[in-house]
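The transmembrane segment annotation in TrEMBL covers A:6-36, A:82-102, A:114-138, A:158-182, A:194-215, A:221-244, A:251-272, A:296-321.
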């Protein structure tokens, strides 16, 4: 396999890891003010992701770093082109990260409420923006012959990309609720289930709209594999919904995770071998060939990634195992 | 060009802000690891309290360092896209490796450390803060590998309109790294040492939690004195290396316009950048030659000569950095370091005589010197980055060629103002929490022998 193909796959894997892991902790963050009726409940909710959210976020940082190293032109075009959207996302991630650390360090209710809302916005904004970003990548954005983005911030917002954003947001809320059914106890489990049932309906509607509009707005279905995978994601989502309805929580979370993984695979599959589509001229799209690093750099990075990613998976998995117990109001010393 | 100026301001602000928090976490993570190790080995509850007290302050700073670090990674693409295109083949690799080797370890094991008290065996718990500390330092290494390339490019070839990596080993063994990395890490150790000293002094002055803060003051004193000596040594070595590798940076830091043999050291100077001369200076004869080459009778090249050489080599242009701020930043850095050394030695002397707590003036001096390491860190980075101008990568790419062409001034204004406002608000929140926990002092952890030990704990303890 060509190394640039391998790196395309690796970037896809990093995005699957990122959307799957941060998907549920964004979801928990968004559900925080909805499900947490009092301070203790909100602390329980935060503690379900407390030990792991930071490690989850590293998947995004690594995806960014991997794109910089393997496809520097994509990194340059996308990050400068999506400037204001990224600025918004960074602001959200800054306040979110600090909020997790700061909110419980003072008793003042106003202090805590402020940080809780920052967790909410800090989770909702990136969830929405990532959906918008992914939809834009495949729909195509105005990129000229010099690989420069020549549109404005508002060119990134179209009915299709907004549907993409809302679909991501709603699926992440559903996914977060599914995670909470596994990590909380007592009445909270039932509350999380209700949230999943409620969020699941609009999520399903927007997922279907996303798939439908993907037919008209993109060439994703030109690849049969990508098309089948995207429909597969919809089927998996329906399965997840049925599972949560039947209170089969483990199955439900597995299926919602797979929904996210399948969606990510479908979009990257549809993109391949492009990473960013030019809406001005197909020849100006950024591909794994014209946007990639040198063969030498790819070789070095391949050795590093193949040696290190499995190790990361092992210890990250082990930490999840260590914190596998449900969180109750009793263990809130932190 | 407004975009260039704004992007430079943004880079400067986010970098300096990020680096207010990072040095402390580099050093404090190690101090906490040592404290927890003492606790695990001796079973002395006071050291558990030490670990938790400093740990709380560490976590506040760590969170700030992490979130501002994300901005660092992304704004190369956002504001400096042409830099990313030109340099991505080389610069992206250390950043990706930083994520793969350091960030995962840091964040995952920090989560384990924060939430793992009483849940995992003690030895494993102490091991996780060691992993965090080592990963934090490893992360500094990768960033400095990337930065060192910008200062001193090695192991590359110009191909396909960009710099491509030809030798990864050369990249990570860049001689620049071996001067910059120790200096940066040691500045982190000193920052953390001073932080511990100043907070301990605060309580020793007020005679609150005296035993607790006597112990941490002692540790801080030994730690800071040793790291300050090493820091100064590494700074000296780095300056000597820069005299060879980046003569322009040295000349600018010394405001030495004309080549001189022997070259004097200017203690202070009124710099006239327009006429490329100093209108007034206080100097020590031959001192610069001695410092740079260990020999008072050696020439040091001046800015004007080096500029002529650069014009011949790179074509017409202005190759002189902003001399006045670089000159003064260097002096402020050295002065702050020297002041720290004096204070630490005075405190050490009184400690040795057993008179430290009887003479609170020295303790007060320690407390009020807490800004010194921060001033030294910021000015030190200003010399490094400001002294490199007009290059973003020395000899390969100028700053004005690196900026994003697709980003307008309006967007940069929005992000510049947005980040600055949020940074200011977060700084207020962080300072509020730090001073709150500092005043509060250590919280007694109730000894609870009745609580059954976590499963497996007996194997280790």
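Just so you know, glycine gets a Cβ as well, placed from its N, Cα and C.
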_How about the transmembrane segment (A:251-272) with the transmembrane segment (A:221-244) - do they touch, taking at least 3 C-beta pairs under 8 Å (6 or more apart in sequence) as contact?_
yes
_Need a quick answer: max count of Cβ pairs under 8 Å to the transmembrane segment (A:296-321), which of A:6-36, A:114-138, A:158-182, A:194-215, A:221-244 is it?_
A:6-36
*Same-chain Cβ contacts of the transmembrane segment (A:6-36) under 8 Å, 6 or more residues past its ends?*
42, 44-46, 48-49, 52-53, 55-57, 59-60, 62-63, 66-67, 70-71, 96, 116-117, 119-120, 122-124, 126-127, 130, 169, 171-180, 188, 191-192, 195, 257, 260-261, 263-265, 268, 272-273, 275, 288, 292, 298, 301-302, 305, 309
*To the transmembrane segment (A:114-138), which of A:158-182, A:194-215, A:221-244 is linked by the most Cβ pairs under 8 Å?*
A:158-182
_Close approaches to the transmembrane segment (A:194-215) from elsewhere in its chain (Cβ under 8 angstroms; 6 or more beyond its ends)_ = 31, 34-35, 135, 138, 159-160, 163-164, 166-167, 170-171, 173-174, 177-178, 180-181, 221, 230-231, 233-234, 237-238, 240-241, 244-245, 252, 270
